[in-house]
Amino acid sequence: MKRCCEGVGLPCLFKGVGMASPRPPKYLLVFDFDETIINENSDDSIIRAAPGQALPEHIRQTFREGFYNEYMQRVLAYMGDQGVKMGDFKTVYENIPLSPGMPDLFQFLSKNHELFEIILISDANMFGIECSLRAAGFYSLFRKIFSNPSGFDKRGYFTLGPYHSHKCLDCPANMCKRKILTEYLAERAQEEVEFERVFYVGDGANDFCPSVTLTSADVAFPRKGYPMHRMTQEMEKKQPGAFQATVVPWESAAEVARYLQEVLKKKC
C-alpha cells in the first residue's frame with residue numbers, strides 16, 4: 001500500500017482504547033461511523049437537542065462544501081448559546097440506532113476478536129462516538145478511534161476541532177481517511193504487525209478515498225446505494241481493474257459478518 005507523509009493530529013479530550021490481543025491479529029478491520037455503524041448522520045441527529053429541533057436559516061446558510069467541520073463548530077456554538085448541555089448531547093448520541101445487522105457483526109467480532117484488529121476512522125467527533133459505542137456495549141472492540149477532537153469548555157459549550165491538515169484534494173479540509181489509514185499501517189508495520197488482509201466498511205465519499213489504496217487481497221464493504229458504492233461502480237466503468245480490492249456491497253451488516261465467517265472457514 002502507498003504511504004502518506006506523516007501528519008500531526010490535535011490532542012483530544014476523549015480517546016478510544018480497546019482490548020489488546022496476545023498474538024498479532026491476522027486482519028485489520030476498518031469502520032466508518034456515521035451511516036455505517038449507526039444508521040444516521042450523527043451531526044444531523046444532534047439537532048434534535050436544539051430548540052424546536054431545528055437550526056435558524058442564518059446558520060444553515062454558512063455551510064460550504066468541504067468545510068463541514070467548520071460549519072459544525074458554528075452549529076455547536078449556536079446550540080451552546082441556546083443552553084444545550086452535555087447531557088442533552090449524550091442522550092441523543094446514546095439513542096441513535098445502529099445500522100441493520102450491526103449488532104450481529106459486532107457479536108461475531110467479539111467471538112473472534114483475536115483474529116481481527118479493529119479501528120474506527122470517522123469525520124464525526126470523539127465524544128459522540130464514545131457515547132454511542134458505550135451505550136451499545138461495543139466500545140471495547142476498537143483498538144483505536146480516529147475522529148475530530150471534541151469536548152466541553154468552561155461554559156459547558158460542546159467544542160469541536162479539525163483532526164489534522166492534509167494535501168488530499170478529494171477530502172474535506174479537516175480529515176483525509178487515506179492519510180490516517182496509510183500512516184496507521186506504517187506505524188503497525190514498524191511495530192512488526194503486518195496484516196494478511198484489510199477489510200474496510202463504510203458508506204461515504206470520504207471512505208472511497210482510503211479504499212482506493214487497498215490491494216487485491218483486501219475487501220471493501222460499501223453500503224449499498226451510498227456514495228462509496230456509487231464511486232466504486234463509476235471507477236470500475238471508467239478504469240476497469242483500477243479499483244483493486246474485492247467489492248462486497250451490503251444492506252445489512254450481517255452480510256459483512258457472513259462474508260468474514262467464510263474467510264475464516266477457508267483459513268481452517
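Cβ from N, Cα, C; glycine included.
Some features that TrEMBL has for this protein:
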- ASP32, ASP34, ASP203: Mg(2+) binding site (BINDING)
- ASP32: active site, nucleophile (ACT_SITE)
- ASP34: active site, proton donor (ACT_SITE)
- ASP43, ASP123: substrate binding site (BINDING)
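Comparing the binding-site residues ASP32, ASP34, ASP43 on other C-beta atoms within 10 angstroms of each C-beta gives the minimum for ASP43. Under a cutoff of 8 A between CB atoms, and with a sequence separation of 6+ in the same chain, the neighbours of ASP123 (substrate binding site) are ASP34, TYR68, ASN69, SER147, ASN148, TYR163, PRO172, ASN174, MET175, LYS177, ASN206.
Its Cβ placed at the centre, ASP203 (Mg(2+) binding site) has 25 other Cβ atoms within 10 Å. Straight-line distance linking the Cα atoms of ASP43 (substrate binding site) and ASP32 (Mg(2+) binding site), rounded to a whole number, equals 14 Å.
The Mg(2+) site is set by ASP32, ASP34, ASP203; from the centre of their CB atoms, other residues of the chain with a CB within 8 Å are PHE33, GLU35, THR36, ILE37, SER122, GLY202, GLY204, ASP207, ARG223, TYR226.
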